[in-house]
């Protein structure tokens with residue numbers, strides 16, 4: 001089967017410089033969702049028709065299995081499909097999809113394709129309580145489809161019809177090519193409508209078959225930011241329902257956003273207002289607190305991420321505790337039972353088994369061993385303005401508060417670092433390291449008093 005995706009429209013109502021089909025739904029372009037659905041049908045040819053913002057669209061979705069046809073002027077859906085014809089296999093039927101209709105299930109499209117075999121032309125329709133704005137399916141007394149009429153060209157009686165055309169069709173490619181070549185543009189818009197092919201198919205003796213989706217929202221398109229927001233909520237609701245069905249506990253299914261792939265084990269609990277981006281894995285018994293953002297992370301069994309924490313490219317071992325208000329950046333790796341607390345940032349660093357950095361700390365480009373206690377206010381000074389250097393802290397080190405490690409530096413096993421120390425040279429195993437300081441107390445000091453105006 002050939003699949004053609006129409007993605008050339010200007011999207012004026014979006015009021016955006018970004019091509020409509022590149023606006024994100026669940027963190028990915030609308031068009032990417034449609035391409036994924038198309039791939040699930042294993043097409044022999046997959047062609048995307050581009051026009052407005054063509055090069056941006058091409059760059060966003062380019063892949064070895066995707067071909068592109070360009071519609072230089074937006075002259076209607078029939079004209080758009082015509083641009084794809086040279087790239088299609090004429091011996092296979094063609095399914096036409098839309099880059100701004102992202103939620104159609106592959107199973108729905110498979111049903112339509114299966115119905116439109118031999119000398120049949122398949123149309124996906126849906127019955128709406130309010131069909132305003134859509135092309136109507138006109139049937140004769142026997143229930144056979146006779147034509148599809150657009151809203152602007154419909155009579156008063158035709159406007160009362162509730163069954164509408166979604167625009168998604170399947171047709172035999174060789175005949176479709178002939179029909180498209182014969183299209184006219186004698187209509188209110190002066191465009192070449194793909195829907196007008198139906199009358200030609202009937203005249204050629206083709207039966208018009210219709211199927212409907214299981215859910216109305218499968219056929220909803222995006223023409224405005226309001227519609228995009230509506231589809232986002234529908235999509236997120238379906239994702240939340242799938243998580244609940246898999247046994248995940250959601251404090252409020254209406255307040256979770258999945259913008260990628262979220263894989264959960266047993267007894268996972270997710271509090272409100274959490275966002276998951278990219279590829280995220282939560283193993284058995286993981287607990288995620290409220291208002292967390294987690295991107296491209298793997299979190300092992302029994303771990304806990306407390307509220308307002310941000311994880312990006314991080315790996316957490318079993319029974320780790322993170323947050324609240326922690327930030328783990330790419331390359332952060334926490335071994336089993338490690339703790340990273342409030343206002344701690346970890347970047348390109350490892351924290352060994354049972355090690356803890358519980359308060360107000362920056363650990364960047366560091367290798368920290370097991371059972372290390374990192375005191376509040378500790379900083380790894382990893383950057384000289386041009387180059388990054390690593391700090392190595394071996395097992396069983398105790399780091400006092402307000403300590404700076406000036407990399408590159410290595411601190412040996414079992415070292416104790418006194419509070420307020422700046423470590424800029426390597427420290428041998430088992431040593432106490434501190435900076436000599438004196439404390440002066442002066443009597444008779446009078447603190448200045450601010451004058452009142």
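Numbering starts at 1 and runs along the chain as it is shown here.
Cβ atoms are placed via backbone N, Cα and C, with glycine included.
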Of 376, 428, residue recorded by Swiss-Prot at the acetyl-CoA site of 382, 383, 401, 419: 376
Length of the line joining the Cα atoms of residue 419 (acetyl-CoA binding site) and residue 329 (UDP-N-acetyl-alpha-D-glucosamine binding site), in Å: 26
Whole-Å Cα distance, residue 9 (UDP-N-acetyl-alpha-D-glucosamine binding site) to residue 401 (acetyl-CoA binding site), is 60
If I restrict to non-local contacts, at least six residues apart, and a C-beta distance under 8 angstroms, what lies near residue 150 (UDP-N-acetyl-alpha-D-glucosamine binding site) in its own chain? 135, 187, 188, 189, 193, 195
Determine, using Cα-Cα distances only, which of these binding-site residues is closest to residue 401 (acetyl-CoA binding site): 6, 76, 329, 373. 373
Per 10 Å Cβ neighbour count, which of the binding-site residues 6, 376, 419 ranks highest? 6
